[in-house]
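One structure is given here, and the rest of the page talks about it.
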Amino acid sequence: MGSRSHEESPWLLENGNPKVLTKDMRHGRTAHNMSSSSLRKKSELTVISKVPYGFLRNFLANLQEVFLGTKLFILFPSIPLAIIAHCFGFARPWVFALSLLGLTVLAERVSFMTEQVACYTGPTVGGLLNATCGNATELIIAIFALSNNKIAVVKYSLLGSVLSNLLLVLGTSLLCGGIANLRQEQKYDRRQADVNSLMLLLALLCHMLPLLFRYGSGSPAVVAQASLNVSRAASLVMLCAYCAYIAFQLWTHRQLFEAQVDNDDEGQNDSEEAVIGFWSGIGWLVGMTAIIALLSEYVVQTIEDASNSWGLSVSFISIILLAIVGNAAEHAGAVIFAFKNKLDITLGVALGSATQISMFVVPVCVIVGWILGIKMDLNFNLLETGSLALAIIVTAFTLQDGTSHYMKGLVLLLCYIVIGACFFVQTTPSDQLNDEVNNVMLKPATDAVFRA
């Protein structure tokens, strides 16, 4: 059926030949791909097929697949509205809110484009593309905030992404999946969860050592510099570990991370074909990345104004709101697959994204800060690091037996609510955040001077 439609409409792809997703490519799809695909919808190309000019038909078909091929298409107007609001000097909280909504749909579309490109490059290169672009939005926001010396926003936003994946997404998925499947036992492959838990524990160790340096004995000046040096060395170790994790995931033990495919889905996927050409996909990826960078700059510039206008602390907006809205598409997909009792996909989304942020995005930010001469370290302060530690430990205990029920999801969700309430009542003024983070390692030295 799919091949016949392309014989009638060969203009759908630039090369004229539809690219079918083979069995090897299909089984190489990650949980992130499967989760994002749950929010896509098939575009009707009947009207466009009547356009007389081939180039124009191809261009319009690409536009329809990109803009109308997602259930989140209603959010696309927020992108030009955010740009207009910024250019014409509208209230900055509006710019912040519209930019966040635009980033939500762009994140889902980037995942779609990486999967389209993977149809031409094969499962291995496609997996590498997904590993690189899976959390591109968080990485771009963090780099823009870092370049503006807003280290607190960087740390808060990355911490929020990890906490939301481990507690909010996984908790909501297990809760809803458990309620929807009360009469059957929900099982998943423990081996994938064990690998991700080990990676998260390694990331936690790298976060805790700089924090312990702060409370350790010795010369304050020496401790401050040692904490920064340990953070940079640990970041290099984390990147090496992440490279090994990618090799483990894509080559040596790929079967542990392959997305579940039912018989019904197998038949549906047999006819799955690329709807965007290779070079069109590359072009759309570049263009969307540029727009994500623009909206990320708007978010970084206006987050403190939104904080003052809404009466919410920057920490709460960065850790809670930014993480929830920015990853809404991916999170919704994880919950949908939990309803279908496909917990391996749900775990792949939640744990995989948390691992990627902890072991790739965070150390990259430290290295970029090192290059820019900015003292970005892995010391996220006591409250933040403690929240991260508890989230990782609770999640690891929750997933240790290979089965699930709604109580596990409820406990994870309640943990997230308590942590969110903690940052909600935190009242650190936004104009003091950067001073607090930039000077956090110098506080012992200052206190020693005053004691003297």
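The backbone N, Cα and C atoms fix where each Cβ goes, and this holds for glycine too.
Just so you know, TrEMBL annotations never went through curation; they're auto-generated.
Looking up the ranges 4-25, 378-399 in TrEMBL, the one annotated as transmembrane segment turns out to be 378-399. Secondary structure of the domain 'Sodium/calcium exchanger membrane region' (281-419), assigned with DSSP and counted as helix (H, G, I), strand (E, B) and coil, comes to 116 helix, 2 strand, 21 coil.
Sequence-distant residue pairs (6 or more apart) of the transmembrane segment (233-253) and the transmembrane segment (346-372) include at least 3 whose Cβ atoms are under 8 Å, placing the two stretches in contact. Cβ atoms under 8 Å from those of the transmembrane segment (406-426) belong to residues 163-164, 166-168, 170-179, 182, 312-313, 315-316, 319-320, 383, 387, 390-391, 394-395, 398 of the same chain, restricted to positions at least 6 beyond its ends. The transmembrane segment (66-88) and the transmembrane segment (274-296) are in contact, since at least 3 Cβ pairs between them lie under 8 Å (pairs 6 or more apart in sequence).
The stretch with the most CB contacts under 8 Å to the transmembrane segment (158-182), chosen from 194-213, 274-296, 316-339, 346-372, 378-399, is 316-339.
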